[in-house]
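Before any comments, here is the structure.
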Amino acid sequence: MDICKTFENASKCSVNGTPMECFMVLSTQAQKISIATLCGLFGTLCIFENSVVLYLIFSSPGTRRKPSYIFISSLALADLLASIIFVSSFVNFHVLNETDSSKELFLLKLGGVNTSFTASLSSLLLTALDRYVSISRPSEYKLLVTRKRAWAALGVLWAMCVTTASLPILGWNCCTLNSTCSELFPFVDDNYLSSWVCLVMALLGCIVYAYAHVLWRAHQHVAYMGKHQVQVGKQNSRMRMDVMLAKTLVMVLTVLVLCWSPVLILMIYSIFAKLTNHLRKVFAFCSTLCLLNSMVNPIIYALRSKELFSSLRAVFFRFKRRLRGTDDSPEGDSAHKSSVAETVCEDDVHVT
């Protein structure tokens, strides 16, 4: 096994220990079972939910042509890959304690996890910017956000994520540079970890700003209607939509911050101070929160869409008919045709 000679810069190990073994912080069987259970549960649901979302989007010509759903499909793909790569590598390392991989193979797996989670956050940013543009410049939205530009943005996004994640295996690691190693990840240079944390925090900051602006504009709509005494029926309808939008966006931001804050805080702390074994165990458990975020994303961003939910009902009724061997169900057909609306957020923010 390729052992980093500069590991003593990162943390102290026993004389007979190897660097890889020092990062296996789960010391009891109960801890390993807990991690395996969390990864198995979150990972299975994440794979199922995001696979359903991708099927619903690309099985319908109406949804796969819309830029907003193109961004959501990128989010679902990133979360799907994150769940597969993260669960397999994380369980293999922390639960099964496999250490027979080389430095290159380990960094390749880590790069896959890095790419997936960074692409997930970047897709969330594109979704937030899509809704930001739709409420800031509603009359120009269709001219500004086209399918061609959406695919181009996704191309740049994924290229950036792959390039950033590939830097350690291309040479930016503490073994090659003989620099300070991270206490959280084998072979990872502290400067690289700092750069990646800054990138993630910048993405999160832009997402929060975009959604905060959307909430502010929604509040302005309510205040404007109240001040100018808009018709009662229209005002009540608009207020219901704004309340629904506010609830959705508060849910989005709350889940995002709760899932990513613990991991980022511990990463930042590890750069400036020594971590105890207890904190490294906490980090291992907090890492599963990123997987939880990938599991919740389809529910918040996709399945709250009236159009996708209608398609899901239609699929369910078709599956139910096949099991029963009956003729076409009018209920299923009506469910499929009942809504051509955008997502809840998109419905709201397109109203001027």
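The backbone N, Cα and C atoms fix where each Cβ goes, glycine too.
Just so you know, TrEMBL annotations are computer predictions that nobody has curated.
According to TrEMBL, the feature domain 'G-protein coupled receptors family 1 profile' maps to 49-301.
Per TrEMBL, transmembrane segment is recorded for 33-57 (among others).
Residues or ranges marked as transmembrane segment by TrEMBL: 69-93 (among others).
Feature annotation from TrEMBL assigns transmembrane segment to 105-129 (among others). With a cut-off of 8 Å between Cβ atoms, the residues of this chain six or more beyond the transmembrane segment (105-129) that come close are 20, 68, 71-72, 74-75, 77-79, 81-82, 85-86, 89-90, 150, 153-154, 157-158, 160-162, 164-166, 168-169, 173, 185-188, 196, 199-200, 203-204, 206-207, 210-211, 214, 256, 260, 290, 293-294, 297, 301.
Among the features that TrEMBL reports, transmembrane segment is placed at 150-172 (among others). Taking Cβ pairs closer than 8 Å, the transmembrane segment (150-172) reaches residues 67, 70-71, 74, 104, 107-108, 110-112, 114-115, 118-119, 122-123, 126, 187-189, 191-192, 196, 199 in its own chain, all 6 or more past its ends.
Within the chain carrying the transmembrane segment (192-212), a Cβ under 8 angstroms from the stretch's Cβ atoms is held by residues 114, 118, 121-122, 124-125, 128-129, 131-132, 164, 167-168, 172-173, 182, 184-185, 249, 252-253, 256-257, 260, 264, 267-268, 270-271, all 6 or more beyond its ends. According to TrEMBL, the transmembrane segment annotation covers 192-212 (among others).
According to TrEMBL, the transmembrane segment annotation covers 248-270 (among others). If one looks beyond the transmembrane segment (248-270) by at least 6 residues along the same chain, the residues whose Cβ comes under 8 Å of a Cβ in the stretch are 121, 124, 182-184, 193, 197, 200-201, 204, 207-208, 211, 214-215, 279, 282-283, 286-287, 289-290, 292-293, 296, 300-301, 304, 344-345.
Feature annotation from TrEMBL assigns transmembrane segment to 282-303 (among others).
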Close approaches to the transmembrane segment (33-57) from elsewhere in its chain (Cβ under 8 angstroms; 6 or more beyond its ends): 26, 63-64, 69, 72-73, 76-77, 79-80, 82-84, 86-87, 90-91, 94-95, 284-285, 288, 291-292, 294-295, 297-299, 302-303, 308, 311-312, 315
